[in-house]
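Student: What follows is a single structure, and I will ask about it in a moment.
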Amino acid sequence: MVTRHGKICSFCGEPGSKDLQLIGGLGAQVCVTCIDDFHAIVHDEEKRAEAKGTFPWETMSDAEVLATLPQIMASAEQNTAFAHEWVDLLRERNISWAEIGRTLGVSRQAAWERFARKGGDKSESA
Ligand SMILES: [Zn+2]
């Protein structure tokens, strides 16, 4: 089932909760705090000027850059898990492995090998 439960913000790494709503698409999630921060950067001339041409990692210490790596990996894994959830959704809608493979530009077999759940969807031929 496609759900936001257990997801993290793809921008700050905070887990979504009742108090920190996530909004997203294509696997990426963004929390309302990040939306507010990005909104301020886009709509506040002074903040936009501050942010223009700079990247957050330019002012981060080595320890901060290192500490960010697990968050990047968690976000990447979340996106991969979302692709699996999406394929599950397609399968629930009886979309064939052949059509999923065709959409991804791979064979039916390759799509099945990549996305079929172990012990779950074994209907390789459908
Ligand atoms: Zn966030």
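Cβ from N, Cα, C; glycine included.
Just lifted these from TrEMBL, have a look:
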BINDING   CYS9, CYS12, CYS31, CYS34  Zn(2+) binding site
DOMAIN    1-50  domain 'ClpX-type ZB'
Student: Are there any residues at least 6 positions away along the chain from CYS31 (Zn(2+) binding site) with a Cβ closer than 8 Å to its Cβ? List them or say none.
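Tutor: Same-chain residues close to CYS31 (Zn(2+) binding site) (Cβ under 8 Å, separated by 6 or more) are CYS9, PHE11, CYS12, GLU14, GLY16, LEU20, GLN21, LEU22.
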Student: Return the residues near CYS34 (Zn(2+) binding site), defined as same-chain residues 6+ apart in sequence whose C-beta is under 8 angstroms from its C-beta, sorted by sequence, else 'none'.
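Tutor: Non-local contacts for CYS34 (Zn(2+) binding site): CYS9, PHE11, CYS12.
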Student: For the binding-site residues listed here (CYS9, CYS12), tell me which residue's CB has the most neighbouring CB atoms inside 10 Å.
Tutor: CYS9
